[in-house]
Amino acid sequence: MDFFAHFKIWVLTLCLVFQSGYGFYLPGSYPHNYGIGDTLSVKVNSITSIETEIPFSYYSLPFCKPLEGVKDSAENLGEVLMGDRIENSPYKFKMHTNETDIFLCRTDPLSGDHFQLLKKRIDEMYQVNLILDNLPAIRYAKKESYFLRWTGYPLGIKVQDAYYVFNHLKFTVLVHKYEEANVARVTGTGDGSELIPTVGSGGSELPGYMVVGFEVVPCSVMHDAQSVKNLKPYEKYPSPIKCDPTTVAMLIKENEPIVFTYEVTFEESDIKWPSRWDAYLKMEGSKVHWFSILNSLMVITFLAGIVLVIFLRTVRRDLTRYEELDKEAQAQMNEELSGWKLVVGDVFRAPTNSGLLCVMVGDGVQILGMAVVTVMFAALGFMSPASRGTLIIGMLIFYMILGIAAGYVAVRLWRTIGCGDKKGWVSVSWKVACCFPGIAFLILTTLNFLLWGSHSTGAIPFSLFVVLIFMWFCISVPLTLVGGYFGAKAPHIEYPVRTNQIPREIPAQKYPSWLLVFGAGTLPFGTLFIELFFIMSSIWMGRVYYVFGFLLIVFVLLVVVCAEVSLVLTYMHLCVEDWKWWWKSFFASGSVAIYIFLYSVNYLIFELKSLSGPVSEALYLGYSLLMALAIMFAMGSVGFLSSFWFVHYLFSSVKLD
């Protein structure tokens, strides 16, 4: 059966699947239709804080536990790597049924350890994260004339020297009436499929509803622990509860229990199911974000255009003059020859540590390809925040697959530098497969030991470490070796000129060339520093980042500017008869990573002022260092490959005797 026959069958199968489902939804984002009275179960995620950046399990604190016991929800690899630990909770609702004054539980008297831990977590500003139908609980806080949106709610608050806990939650569930009656009642959510029981009889059904919003208002209410001593969960609290978020009353004391209660209100909303994430994605400062990014893109595009035009005109004029000189007298031509024309016999001389350069370029191509493909899929909506962990999983999958490209580029470059010699291609492939992953593994393992010592849910379990090592050596390494094999089979790139046996002496420079190389990273950094602020805020300040369309534009612009900067600097070095351009072209664009890391330190000092503890700071600096190294490899490979193409094109376009 030929390719087109297979393709037709594949398309037909997809059409049948879509037709049977009456629509198409991205993974993890299926709507769930609930009948009136159906049970809605709230789940809990790890408690988090922008003060420490160390997540902990919800049940590490003295909270109410479900009657059926604590059970983990199915978590994917990306969720575990991000520190998410989703578990069931005792909070339960009935669809479209308002309830008030619901007694949840009365905890055991607080032991000394629990009392001190609770105070510590309140001091560290930990937030409780709840999830209903895959929607995080959102909290609105009024500040002057506008509302701020936050996910989760604070564990408690400190007033003077007293600590108060939020022990009463006022939930508001926004629902939208299900509009399509012909869809089967067996539907799925991101956590799996459930059978929705049919409501009503005699051929008539009550309307179904979809959850389109989940809001919470935390209150601190003084409860009488003795009056609820004999109450069972979900029974009515003996007296009416008034939830006033502006006052606090539930003071925590050692050897005294805490009573937890809640209430829930259902409101019908005009928000349709596909738009239910808009409240999370449209965070405060969105207008500043859009206009700042647009302004940055316009300015940097204008500057890059000027650099490109000047550069092309200069090179074209230089080539034209050189070809005209070839027609003049020999003596006059020798007098006119200068700059890059004099290093024709040395420009393709193998650089020092050429093997390391090939490895770093190969790893850079792999990281660059992974970033481009991941951001493209995210911009198309395949990695929405509704599908937790898919972004991390996508990055891992694309990185492993692109090991083929890494091995191919590194080995072919190795053979080009060695003038076609295939010897050592297996060693180069192995080094490519182990260089950057090895650095990342070392950094992450060190940070993981710190998280293990803190008993944080952010620590990667040992079993997951085994899985990651298996993926590394059983998937990524073989694919890199396959790419290296194809690179060894592919013809190497022929140099347009011959290399002299004796290297030419490089004239003394007025200024250190490396100073200019490292200074070149400022222009690429200017293309992304505004977007970098929002990315850092989403990672470390608990905000949702979902403008991947703009990120894709900024990323493409960054690649273009890195290529241009490296080309310009390579040309400048050749003009002063400096033929050692290989490493300098790599670091000319790769030096943007230095400024990104310095910006990360600046962000830590001025934006994350409250980040407390050496463990939190070590985590921040460790992840920032890993990010900077990945960007150095990726942008360095862009600069080197563009410079290599330019030098090859330049010396193959002139007539040489």
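Cβ coordinates come from backbone N, Cα and C, glycine included.
From a predicted model like this one, the values you see are computed outputs, not experimental measurements.
Per TrEMBL, the features are as follows:
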| type | residues | note |
| --- | --- | --- |
| SIGNAL | 1-23 | signal peptide |
| TRANSMEM | 290-312 | transmembrane segment |
| TRANSMEM | 356-383 | transmembrane segment |
| TRANSMEM | 389-411 | transmembrane segment |
| TRANSMEM | 432-452 | transmembrane segment |
| TRANSMEM | 464-488 | transmembrane segment |
| TRANSMEM | 514-540 | transmembrane segment |
| TRANSMEM | 546-569 | transmembrane segment |
| TRANSMEM | 581-605 | transmembrane segment |
| TRANSMEM | 625-651 | transmembrane segment |
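Comparing 356-383, 432-452, 464-488, 581-605, 625-651 for CB pairs under 8 angstroms to the transmembrane segment (514-540), the maximum falls on 581-605. Pairs of Cβ atoms less than 8 Å apart link the transmembrane segment (464-488) most often to 389-411, out of 389-411, 432-452, 581-605, 625-651. Long-range contacts of the transmembrane segment (389-411) within the same chain, counting only residues at least 6 positions beyond its ends with a Cβ under 8 Å from a Cβ of the stretch, are 27-28, 75-82, 84, 358-359, 361-363, 365-367, 369-370, 373-374, 377-378, 382-383, 425, 428-429, 431-433, 471, 475-477, 479-488, 490, 637. Here the transmembrane segment (581-605) has long-range neighbours at 347, 351-354, 357, 360-361, 513-514, 517-522, 524-525, 529, 532-533, 536, 540, 558, 562-563, 565-566, 569-570, 573-574, 611, 617, 620-621, 624-625, 627-629, 631-633, 635-640, 642-644, 647, meaning same-chain residues at least 6 beyond its ends whose C-beta is under 8 angstroms from one of its own.
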